[in-house]
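Student: Pulled these from TrEMBL:
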type	residues	note
COMPBIAS	B:210-220	compositional bias 'Basic and acidic residues'
DOMAIN	B:31-151	domain 'RabBD'
DOMAIN	B:287-410	domain 'C2'
DOMAIN	B:419-551	domain 'C2'
REGION	B:174-220	region 'Disordered'
């Protein structure tokens, strides 16, 4: 065991073809940017270990192909992911409109407690912008999902986005543990009478009544 | 969006699929022509899948280390006793009074507890303590990702005995535990036994396991050498992600059989030592064992005779680590709707069955030999349904080659998630309430029993044997084949008892004026097998955690 870690979080990037999912991941994992467009074949993943509040968190980030023809393969990876990034392109209105479809796709295929986040990529291209930041924020509020505008090219908010998602997952994990402790407090249809407590022997001090 | 993956594309989609499709505005047609994946694309994806499996294996080993660490702590703990520490056995002192763990309600000394941050609710204003054992369990639940997946993910235990395939080691481990607990259970009933207050999970390892281990590893040795082989199994599919990476593991399976149950299998097999006839080569075993068959084709009667000789190194399914295997054979692709399935007899209580049985397929033409293939599925014969243990496919043209005796490597069961009528339920042993909490979450694809095409399902459940004779029923979900209940039921029991009890779940269709129709049943417990046994064992091994799992329902009705 060379490099060990405390938690493994599986993240997933989805969104229309060409919005820059692979570029975002490339920026996050290698801190580099490639101007040419090579369509992802099916799926790919990258790994980066980050530090969150003193814990080593290994992020396995799955990058999916946006193309329709790989949909069968990509949807198979929804179920195992703890966090999903929905990416759209601010210079392409269609990709923004499709976010709703992607969200529906998540609801259909992913686990119910998956953490989501919306990224508006290519925000460096202000001249070609078709989707305003306000529109993105409005959509995010509507679905109660966090939102940030990013640029893989200028390395803007990419780190922030992944850290935020990872932190949200970690917070959810802590909350879940908190909720399961103590387990007796969960509400149920049938609850047991509190006879257990009485059956326990009382302390010897309490029994010593007459001196 | 692809909806074809779930259903046959020639069958009319159900209402839900249709409504979803209409929302997506992708049209109503399910059969869209998309170019299939090219060879290069397949290879690229397979490479990624392979890379992912390496990551998964690292993760499985890490989780295995966490599990074994916790097991170690459990084993070395002295067990709950009044007025002494759960972990180190220290008795109460004036300056260091014992604390009560807020999770398991056992007492522990100040060295063996941690302070938990005060609870937000005002009811818990006083100090909260958690014993190291509960804290560790909780930590493991977080670190392994079980908090998200609702049950422990697959893991590989780090010790040398556990290099086999994932399930095998898990099973072996749980079997070992179960073995311990059932031993313990016996001493439990003896009057005045000092161990009687200890639940089984705290039992120490019996000291004689080492000698058993050495017998079994010596015994297993002749196996590994003959396990290397080379023959055509069905091609690599993208969706089956487990088998690729396990070859190196599968070869090292020397020890996975050796544990608490090895003694028994040895005793059985010593009278008839395995004679190694010359083996035609096949491909490496992927951990599911191997199968030897002989093919013979008769031109005159146009019949194919398949002799199933024996299987070796099958996976263990039941509590003792043994299985009751039988083979189901079918020539595929089948013609028309007529299915030509044949099965062998069941050989009971073994992982290395000698079938020596010949079955005949008639009406196989010579042209079929070049186009068709034979599919062999190995099942575990179980009172409550059959579980697939592995499968192999062989092209029929193999029978034309001179030594038609083949050794096939079995590959794993096709689907890990059950299909067909199934039930999602969660088990949780609550040490605080001293009860097994069963949450009946939902069911799916139940059979329709009423004339309206629906059923009115409800679930009955009871524990057997149960001194309290408690029986529970869920509410009735009217006209619903995929009901969601999310109802919780309690069975008072002790963990010692739990390893001898079975939870029987039956699903019924409510009818007025005539008896209720039976829809399916499920038995979870020490006598169940495979997935179900693992679920039960996880529940015993990791109390105070919810273990959620899908199980397929069987249509056998038992009492």
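Every residue, even glycine, has its Cβ placed from backbone N, Cα and C.
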Student: Using DSSP, how many residues of the domain 'RabBD' (B:31-151) fall into helix, strand and coil, respectively?
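Tutor: DSSP composition of the domain 'RabBD' (B:31-151): 60 helix, 16 strand, 45 coil.
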Student: With helix taken as DSSP H, G or I, strand as E or B and everything else coil, how many residues of the domain 'C2' (B:287-410) land in each class?
Tutor: 11 helix, 63 strand, 50 coil
Student: Across the domain 'C2' (B:419-551), what are the DSSP residue counts per state (helix, strand, coil)?
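Tutor: Across the domain 'C2' (B:419-551), DSSP assigns the residues as follows: 16 helix, 61 strand, 56 coil.
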